[in-house]
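Q: Supplied in structure tokens, the structure appears directly below.
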Amino acid sequence: MPAAGIVALAADKPALDTGHTAFMLVSAALVMVMTPGLAFFYGGMVRVKSVLNMLMMSFISLGVVTVVWTLFGFSLAFGTDHGGFIGGTDWLGLRHIGITQLWPGFGIPVYVFAAFQMMFAVITPALISGALADRVKFTAWTLFSTLWVIVVYLPVAHWVWGAGGWLAKLGVIDFAGGTAVHINAGAAALGVILVTGRRIGFKKDPFRPHNLPLVMLGAGLLWFGWFGFNAGSWLGADGVAGAAFVNTQVATAAAMLGWLGYERLRHGSFTTLGAASGAVAGLVAITPACGSVSPLGAIAVGLIAGVLCSAAVGLKYKLGFDDSLDVVGVHMVGGIAGSLLVGLFATGGVGQSAKGLFYGGGFGQLGKQCVGVLCVLLYSLVVSAVLAKAIDRVMGFRVGADEEVAGIDQAEHAESGYDFAGVGSATRPVLAGLAQLTARAEDRRTPGAPPGDPGPQAQAPQSKVDA
């Protein structure tokens with residue numbers, strides 16, 4: 001998503017470009033699909049008693065953030081600059097936007113740009129939810145995610161992408177959201193879990209994923225949608241978008257291999273969870289860099305991110321913070337890695353003119369990237385922790401201990417993801433026939449047993465699920 005400096009590189013398109021517009025509409029739809037994909041990815045990673053809550057914590061973002069974005073979010077993120085820190089009130093309620101009005105410097109309508117950016121705002125707080133699995137109130141989470149978008153996401157989005165944003169003016173490169181989305185969400189996750197504390201059983205219970213096929217499905221949807229996330233951020237269908245598309249695929253593949261290789265050396269196995277997590281780590285890392293690096297640079301970014309993130313997810317056990325689904329280890333660490341690697345691998349010949357250290361640009365761009373990373377990380381970490389603490393004091397952020405142990409799906413949603421309680425109720429004829437067969441077999445084995453008595457060993461089959 002080009003910032004002010006990148007806008008200047010785009011060809012001036014005073015007339016509507018229907019090809020670019022169609023491309024951006026498809027890209028916006030692809031990014032929207034990422035939020036349900038994230039819900040599946042997270043939902044499969046939790047225990048069976050928490051799956052619906054995990055799905056809802058992502059899905060609710062489609063509701064609340066869309067409304068916030070329409071009322072004032074787009075205007076504060078991309079409206080007239082005020083001091084480099086926040087946008088103005090030009091487009092409150094998406095008013096004063098004509099159907100034929102084009103986004104400056106591009107041949108796409110403002111409405112299309114606003115819709116595309118909306119999907120970024122939707123998924124960013126949903127990313128945070130993975131760190132809080134099993135233990136937070138749904139009402140508290142909904143309030144937190146709504147307020148977080150207002151006080152954290154909107155200012156940071158303006159800093160990075162808004163015309164006049166101070167990080168954009170500094171020259172920080174964030175093509176599609178390494179700082180504004182991933183470091184922002186990862187740092188927020190760390191701040192919130194430091195306030196809410198650990199799950200009951202942390203370091204004692206295994207907390208195994210209950211449905212790895214669901215995890216793989218979610219990872220696949222994320223991978224698919226990420227092409228719109230990254231390539232669409234150029235705001236047009238041309239060679240730069242094609243380069244971003246290729247770099248996204250290449251880095252993701254390299255990161256998956258890097259994660260699996262590290263996992264094999266460290267733990268002796270290639271796991272499906274490792275493949276899915278490695279792919280997501282690569283997607284995160286290439287997000288800020290996909291418009292700046294070559295395909296070979298994308299391989300380097302992916303490999304480095306895959307290994308770093310695979311190593312980072314184990315730090316929570318050593319440092320004692322309960323990042324349930326590794327949001328810090330994948331999104332914060334991956335976002336930091338990708339953002340800093342721009343300062344090394346930027347070629348100056350893809351979609352941005354800045355060059356990294358390895359291409360003769362010196363340490364200048366790397367220094368700018370460090371400033372962007374540190375400022376977004378610290379702002380998001382501190383403000384998110386303060387916001388979580390305030391909500392905790394007012395209404396309580398966590399569910400009760402009994403509700404957490406029994407299952408947050410029932411406590412918060414009065415539903416279960418998999419209904420095993422009714423096994424047999426709809427198949428009585430089958431079970432009756434099975435009981436008769438069992439009784440006959442028992443009669444043959446036990447002479448003198450009363451006819452039709454199945455004996456104490458004949459029980460209806462029961463389903464067992466690791467809760």
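Even glycines carry a Cβ here, placed using N, Cα and C.
Under the heading domain 'Ammonium transporter AmtB-like', TrEMBL lists 22-418. The transmembrane segment feature in TrEMBL is assigned to 22-42, 54-78, 108-128, 140-161, 181-200, 212-229, 241-262, 269-289, 295-315, 327-346, 366-388. Annotation comment: TrEMBL describes 441-467 as region 'Disordered'. Marked as compositional bias 'Low complexity' by TrEMBL: 455-467.
Locate each feature and note its surroundings.
A: Beyond the transmembrane segment (22-42), the same-chain residues lying 6 or more positions past its ends with a Cβ under 8 Å from any Cβ of the stretch are 54-55, 57-59, 61-62, 108, 112-113, 115-116, 118-120, 122-123, 126-127, 129-130, 133, 214-215, 217-222, 224-229, 231-232, 235-237, 241, 276, 280, 325.
Packing against the transmembrane segment (108-128) from elsewhere in the chain are residues 1, 16-17, 20-21, 24-25, 27-28, 31-32, 34-35, 38-39, 57-58, 61-62, 65-66, 68-70, 73-74, 77-78, 91, 94, 97-102, 145, 148-149, 153-154, 157, 177, 180-182, 184-186, 188-189, 192, 229, 232, 235-236, 327, 331, 384: each is 6 or more residues past its ends and has a CB under 8 Å from a CB in it.
Only residues 6 or more beyond the boundaries of the transmembrane segment (140-161), in the same chain, are considered here, and those with a CB under 8 A from a CB of the stretch are 1-3, 57, 60-61, 64-65, 68-69, 73, 76-78, 81, 84-87, 117, 120-121, 124-126, 128-129, 132, 167-168, 172, 174, 179-180, 184, 188, 192, 372, 375-376, 379-380, 383-384, 387-388, 391-392, 395-397.
Long-range contacts of the transmembrane segment (181-200) within its own chain (CB-CB distance under 8 A, at least 6 residues past either end) are made by residues 120, 123-125, 127-128, 130-136, 144, 148, 152-153, 156, 207, 284, 287, 320-324, 327-328, 330-336, 338-339, 373, 376-378, 380-385, 388-389, 392, 397-398, 401, 404-405.
Same-chain residues lying 6+ beyond the ends of the transmembrane segment (269-289) with a Cβ under 8 Å from its Cβ atoms: 41, 45, 173-179, 181-182, 209, 212, 215-216, 218-219, 222-223, 226, 229-230, 247-248, 251-260, 263, 297-298, 301-302, 304-306, 309-310, 313, 326, 330-331, 334-335, 337-339, 341-342, 345-346.
Through the fold, the transmembrane segment (295-315) approaches residues 246-248, 250-263, 266, 274, 277-278, 281-282, 284-286, 289, 323, 326, 328-330, 333-334, 337-338, 341, 345, 347 of its own chain, all at least 6 residues removed from its boundaries and within a Cβ separation under 8 Å.
Within its own chain, the transmembrane segment (327-346) has Cβ neighbours under 8 Å at 127-128, 130-131, 173-174, 178-179, 181-187, 189-190, 193, 277, 280-282, 284-289, 292-294, 297, 300-301, 304-305, 308-309, 312-316, 321, 352, 354-359, 361, 363, 365-370, 372-373, 377, counting only residues six or more beyond its boundaries.
Long-range neighbours of the transmembrane segment (366-388) within the same chain, counting only residues 6 or more positions beyond its ends whose Cβ lies under 8 Å from a Cβ of the stretch, are 128, 144, 147-148, 151-152, 155-156, 159-160, 167, 170-174, 179-180, 183-185, 187-192, 194-196, 332, 335-336, 339-340, 342-344, 356-357, 397.
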Q: Residues sitting near the transmembrane segment (241-262): Cβ under 8 Å, six or more positions beyond its termini, same chain?
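A: Apart from its flanks, the transmembrane segment (241-262) reaches 23, 175-176, 223, 226-227, 230-234, 270-271, 274-275, 277-279, 281-283, 285-286, 289-291, 293-295, 297-307, 309-311, 350-351.
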Q: Can you give me the average pLDDT across the domain 'Ammonium transporter AmtB-like' (22-418), rounded to a whole number?
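A: Averaging the confidence scores along the domain 'Ammonium transporter AmtB-like' (22-418) gives 97.
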